[in-house]
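Report on the following structure.
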């Protein structure tokens, strides 16, 4: 009696199987990883949506805290917003270079994207250290740090992902124009993080 | 030609799979297996373990409530016990079992795939479960478990001992993450991994239920995670998001919490609806009535389920417009739910019913859930809700939904799919005895609680007014019956695994794809190509007209591409 574990590829060795290339055999089901990541980013976006909803409710319902400081410096965050938006653009240029198989250019754009991400984080840090309020000063301060901190965590993760992708792109044939899931995933994630920042900037700084 | 599915005589015309019986080595069930069937069983067994733990905690609650005074345990211990009971039953038993166990086991079969879209993510999602569970249980021994109930409302959750509450938050965050990973997997599997030739509107209803559930998980669970992160900052870092004394707003937590936790009811119930839609047609030998309307009902419930959360908060100072909106939205949910129940009754109507354990548990589900649904519509009405809010009426209502509803379906599903999972049939006499005891125990336990609530007995309190003692004792007798009802089930499972009658590949003569392979199925589900089942509920007339061999043979399914 043969057990299946002794012949795990039984269905693959079946000659009829090889003719039916469309059969959903394990070895070659469609690559849906990017779709999965997009689904996960919807979930991640809902976390931000929950935070935003809480923040807007506070703004609408809770009285302004005593000595509450709603006015924020605008110049640095505006520059930072621009930095992040440009970094989305540079990542996109990197993607175009990859499609054209110009790997050196692709790596250059990636590195520039990572540098812009780090610059954004540095700007955030500078702003944190120069703000007139701390985490527990009042409700607005807490909300400000929670929102920007949670987003900053995402930027940090994203910058690390870009550096990893940059390193991988330096290896011969690791990413090709047809096969580059890691690259595409990092790019999708980075655009998501930038998009969230635009909403966050509008709500926290402009509203 | 015998038509009885009860005799257990398998109608196999081809002996093709019996000689390649596959046995997964036992240690694979304790390891990082990527096989969706192994992961499903891991979810089921882990979930059942926590069901026993949560049941023991429920038993402690019912023992405490036999007398009006808190003489069985200290009052803060009682708070811990009821918090653990709620959290374990919801996050470690019902959600992982209806989603993780049956979803993982069945969905790849139904879409004609060899595994889930992301097997590794699937295993990671499961292995977040045991640590979270044991973390939660261990909190009782490290300074006491959380005391603020499964809702963890501030300011209660901020003022009760912090260690237990923080462990509770970490545990629930882990379980929520596991749930989100699972949902991402289900969405990708149902939408992207279908066998070529299999359309969305040819899928068994359980796939649609899992799709709807997973959409809810993806949209709602992260909001709970966000709320818990803010809550933990309130406890640990001294912020005041939900702390009124620091200028915060406790009601915002309630909004965020219920934005997840109302959909969570559907996350627990929609997969059960899907399982019932699979089980009933097979044992009634009739096609599922109203296939399309079932799908639209699921989608309607998903949409409406996201916009009814504030009906849990009618006593939280909600403004009148909000009360009006959420009352109406909640009442409207009864429409798609009602459609589903009418369709199930129409499926049973004039069917050749096999009154076996699976069907009887489904019947119990229909009875209990309809009753819970009626009290649910009543609770959606503000004047009534304000009267019975935070009383035992609410406790009775949601136990009719999640216990009388979902848990009954879980047992129906175990009786139905145990032959496929193990290759052996469960004992029907013990099964029907289990069903009878469960039904009696459940209704004796929870029906009187409606009366307690209407007369003003508050929930979540270890002590109560002596006038309620007799009814509480009746309720506790029901709980004892429920506890006893688990024994025939456990004996049945252990005995049948060891000595049960061989089930054969397809003991219920079912059409769906998991039955068109050996029992238990081989590693990649089918030895040959995946069968194409475009008519998953093709029972009844067609079956009477043609020999059973045709219904069972693969030619019917491999022809239609």
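Cβ coordinates are placed from backbone N, Cα and C, and glycine is handled just like the others.
What TrEMBL says about this one:
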DOMAIN    B:26-534  domain 'Cytochrome oxidase subunit I profile'
TRANSMEM  B:43-63  transmembrane segment
TRANSMEM  B:83-111  transmembrane segment
TRANSMEM  B:123-146  transmembrane segment
TRANSMEM  B:166-191  transmembrane segment
TRANSMEM  B:203-231  transmembrane segment
TRANSMEM  B:264-282  transmembrane segment
TRANSMEM  B:294-312  transmembrane segment
TRANSMEM  B:324-346  transmembrane segment
TRANSMEM  B:358-380  transmembrane segment
TRANSMEM  B:392-418  transmembrane segment
TRANSMEM  B:430-451  transmembrane segment
TRANSMEM  B:471-495  transmembrane segment
Residues of the parent chain within Cβ reach of the transmembrane segment (B:294-312), under 8 Å, 6 or more residues beyond its termini: 201, 205, 208-209, 211-212, 215-216, 219-220, 254-255, 258-259, 261-263, 265-266, 270, 273-274, 277, 288, 318, 322-323, 325-327, 329-330, 332-333, 335-337, 339-340, 343, 379-380, 385
Sequence-remote partners of the transmembrane segment (B:43-63) [C-beta within less than 8 Å, at least six residues beyond its ends]: 29, 72-73, 78, 81-82, 84-85, 88-89, 92-94, 96-97, 100-102, 104-105, 126, 129-130, 133, 137, 414, 445, 475-476, 479-480, 482-483, 486
Contact call for the transmembrane segment (B:264-282) and the transmembrane segment (B:358-380): at least 3 Cβ pairs under 8 Å, seq gap 6+: yes
Cβ pairs under 8 Å between the transmembrane segment (B:166-191) and the transmembrane segment (B:430-451), at least three: no
Dominant neighbour of the transmembrane segment (B:430-451) in B:203-231, B:324-346, B:358-380, by Cβ pairs under 8 Å: B:358-380
Chain residues in Cβ proximity to the transmembrane segment (B:324-346) (below 8 Å; excluding those fewer than six residues from its ends, i.e. six or more beyond): 273, 276-277, 280, 288-290, 293-294, 296-298, 300-301, 304-305, 307-311, 314, 318, 362, 366, 369-370, 373, 376-377, 380-382
Intrachain residues whose Cβ lies under 8 Å of the transmembrane segment (B:471-495), provided they are six or more past its termini: 52, 55, 58-59, 62-63, 65-66, 411, 414, 418, 426-427, 430-431, 433-434, 437-438, 440-446, 448-449, 451-452, 464
Within the predicted model, mean pLDDT of the domain 'Cytochrome oxidase subunit I profile' (B:26-534): 95
